[in-house]
């Protein structure tokens, strides 16, 4: 912008001077022609007397020339004052001004002479004009080259101005020129924009044209309050440039950080503003990152050493000071990590690296940096020598420190106390390989020990015994007595198993109440079975917890290598099958795996596959067995029983497929189908007989776990139209024991619908009368296992006890599995209420049940007669 100003400074006076020169020539020529005419007319003065138009033309022309000359002279006088410091230009303006003034006066005197003959004065004025003309003509040849150079310089300045504008507008910086605004006391009160490049205007959301002429206080009001105005004024007064960086909080400026460079220009300033927002934000972010990194290093529990590129210690963190017993000041800049290491250990590491890398590695700082210099992490166990001479074994990880160009500029050493790490590793390993409750090995550790045992057995031609031990009815104990008692029971069982076997054998917990016993180096099947018998006996002893004894037992499945499987998975699977058979046989025993069990397992899987689509294929039927009152001898109800005639397997007994359905969960949709079918058939039978009968339907434990069971029962009653009082739902006592709270909640909702509740197979389970009272059952069904042997003790005594107890509680009793007249007579004599069994009728299809009922009722009536 300075070049622009200088361009104007040189161009204006040069143009005025050249214009004056042209005017001098013009006026001189006009004066010559006019004077020639005037002299011509003066010779014939009489012409003026009779030609008034010519007189007027002469007077008006002279006056106009006079006025124009004085105006030009005045302009030169003003220019002389403005450029009074420029002697050369001032002289030109004086000469041209005097010439124009003198010439103008001669024309004025020509007009005056028409009225007053002041020829003497006119002559003097002409003399002055002549001298001015001679002077101008004399100096003009000398001025012309100088004026030519001024014009050339002006053209150059104009071109420079264009260059300046192009450069300033292409600059990424904002550029402004401001002129001082002064009051009458010549004090700077503001600044006015006289130039702004495009970026400068954009910075304040404006254009250069709009910005030029505006006051600084209008565009940047905060300059007054933030001290900028005072600093700008100081630059004008002192001429000392100023550079500063500052945050911008004004919404009018499109930047958050600026850098100002301010210089003085004439009576003003030029400002170069650079938007450094991104740089500052990056610096702030970097500062926070560095502060965070510093905080991490300082607060790290691990000793950290930062090294220079040559290995000199740059600094150590507080954790390193505590471990090494050195202060940062004692090591920083004064030593390398070699001071902390045994020279022999460093030499051994150097030899190892030399062999590993196929190059010579010296026993110096290179042992730490050779791997990191290749972009790798050097992780190695070392022995630190503390300041006091004691040793600590550590693992040191060395990584390279790089700058923003990824050039290595140092090293970072992080040390870990291996003592603590070893303890941590051992603890984690123990957690991974041992059960947290009992402390027994887990499946992972069992795998390792089993692998070793199988290898030894193969090498020694011996056997390995694997036993699956499952606590009988543990869920019932756990739920009824609480999880704390259950946990203590598991701990006691684990201790018993460990004390029973050899130290070389393994007891592992698989989860829940299942344990695995691994017996190594078994010589015969008999040896393994003796150990299993011993475990059954040990597990049958009551467990004392919190001063109370709790009876327990266990079912054990035994599988031998190599007959029962060649690996752990196969042995576990087969031992589980054997354990399942032990539970099915009555619990509190062991079963050794055999191929027959494998066949049974295969059959169960076949049943499972066929069962999956049996319902959709309509392969199920419902049959009905009547229940007879001992008092009247007539049928009071019927029990719905399911039968399966598989298209693939033929007739499958309930004893075969119901356990599979329970395990797979298919019993839920099957049971719902039986319930709906039985309700519909009972309603149809009621219409045929003309009176209602109780229809008994079994509910499985899995069905009772469904929260929507009440809705299912309600829908079945609604669809069939059966009265709720004619529906009896049979449940096993285990349902009540296993989850009594949930059972109570579901049972209450079902009972609210109106059906009766019966306990099926009573006497085979927990047989707690407290549960019977708590759940307010309507009937007890004595299990057929007691009825079948009712003539022998203790079955007869158990049956009598159940009937007597039920009578006292006013609960109806039904005997299942009555097959002979003798059984019927005993039950009648003992006071049993009802009975069902093959003695009265086998289960029949719905189409036959009406006839069976009529026959039984008719026989009862005939006996009474």
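From the backbone N, Cα and C atoms, a Cβ is placed for every residue, glycine too.
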Between 16-40, 91-115, which stretch does TrEMBL give the note transmembrane segment?
91-115
Based on Cβ pairs under 8 Å, which of the stretches 289-345, 378-430, 462-595 lies most in contact with the domain 'EAL' (604-857)?
462-595
Restricting to the domain 'PAC' (378-430), report the mean pLDDT as a whole number.
85
Helix-strand-coil residue split for the domain 'GGDEF' (462-595), DSSP-based:
59 helix, 41 strand, 34 coil
Based on DSSP, tally up the residues of the domain 'PAS' (289-345) by helix, strand and coil.
29 helix, 9 strand, 19 coil
